[in-house]
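To keep things clear, I will list the structure first and then write my remarks on it.
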Amino acid sequence: MLLTPKMFSSWLRKDVKKILKRKDSDAGERGKALEDLRASLFNRFRSPETPKRQQQQQHRICGPTLALTFNFIVAISIIFVNKWVLKNIGFEFPVFLTFIHYIVAYLLMALLKSFSLLPASPPSTKSSSLPLYTLGIVMSLSTGLANVSLKYNSVGFYQMAKIAVTPSIVFAEFLWYRKRVSFMKVVALTVVSVGVAVATVTDLQFSLFGACVAFAWIIPSATNKILWSNMQQRENWTALALMWKTTPITLLFLVSMIPFLDPPGALSFNWSYANTSAILVSALLGFFLQWSGALALGATSAITHVVLGQFKTCVLLLGNYYIFGSNSGLISVCGAFVAIMGTSLYTYLNTRGPSLKASSSSSALSDKKSRFSDLKDDDKNLEPYGSEAV
């Protein structure tokens, strides 16, 4: 049978249609598989368990020792840079400087978010949004009033006011979370507070307005540390995710504080290249200070973070005395040594607590195992007597 052109064209058309249908079905299957893969990846990275995993990974990577060391180094660095900015450069706008710090921090976190490097946040609810707004407001009050206090008061008076933060945290955590502090830790905290008071007693220079600001700063500072610590430990927030959510609220309230606490003339400041560079370096260190402080609060507790700050003050005082030959006085040096001894005792008690808990839990587990084995042996001994032997 001869193959006519019409038959050949119809046969070829049918084969081409079959091939195209097969290709369309293959492409559809591949597209469906790709969509399923995308959906599974999205569910994996946006599931409610993701923030908890990221928070656990944060604690594994940055433990208490690394977080406290990071915060200690950055805190000392920013003290010298801020002193240079406020004194040598003459930028006498502490709240506006804090505002610049948070603006730079928010831009850096936005850059991380654009590269999908910002950790995911826990699922938000109406009940969980209230602590975020509270933390944002408290952060603006804590950081803004702290810089204003440093402007109008001496470092010694600032540290004396910081001593009152420790009992405020203990009292607030007992009221809110029913947390109790052991007697030995109370003794250690008392030794630290007395040591810092003696170390800074020779540098008590303040004004009436500065003293009011310092005392108004105590409650926001204590609340800030408590909220940072508990929201990370109880609600599975990571440090960067919590910073990302609260920074816009903090910026809004800092703007409202500038007309009341800063002198006029910030925009007419000499924004030269050198001055702007120094302010940006201070802002970059401010971002690292906030991040390291959040990591330390998430890995330890609010009281431990306060003790670290007092230890930092004593180390700076002793460093100025031994390295730079500053005349702090023998009483101040002795007070610094007493505070460091109290800090060492508090650190020892903190490291001793988890080991005691682990040993007690292991002994309880071994007791349960021995009791279970005894019961199994009794069951074996009772097996020959049948089911009536109970």
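Each residue, glycine too, has its Cβ placed from N, Cα and C.
Keep in mind that TrEMBL annotations are predicted by a computer and have not been checked by a curator.
Straight from TrEMBL, the features:
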| type | residues | note |
| --- | --- | --- |
| COMPBIAS | 355-365 | compositional bias 'Low complexity' |
| COMPBIAS | 366-382 | compositional bias 'Basic and acidic residues' |
| DOMAIN | 68-346 | domain 'Sugar phosphate transporter' |
| REGION | 355-390 | region 'Disordered' |
| TRANSMEM | 61-81 | transmembrane segment |
| TRANSMEM | 93-112 | transmembrane segment |
| TRANSMEM | 132-150 | transmembrane segment |
| TRANSMEM | 156-176 | transmembrane segment |
| TRANSMEM | 208-228 | transmembrane segment |
| TRANSMEM | 240-261 | transmembrane segment |
| TRANSMEM | 273-291 | transmembrane segment |
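Pairs of Cβ atoms less than 8 Å apart link the transmembrane segment (61-81) most often to 273-291, out of 93-112, 132-150, 156-176, 240-261, 273-291. Restricting the average to the domain 'Sugar phosphate transporter' (68-346) gives a pLDDT of 86. Ranking 93-112, 132-150, 208-228, 240-261, 273-291 by CB pairs under 8 A with the transmembrane segment (156-176) puts 208-228 at the top.
When each of 93-112, 132-150, 273-291 is checked for Cβ pairs under 8 Å to the transmembrane segment (208-228), 132-150 comes out on top.
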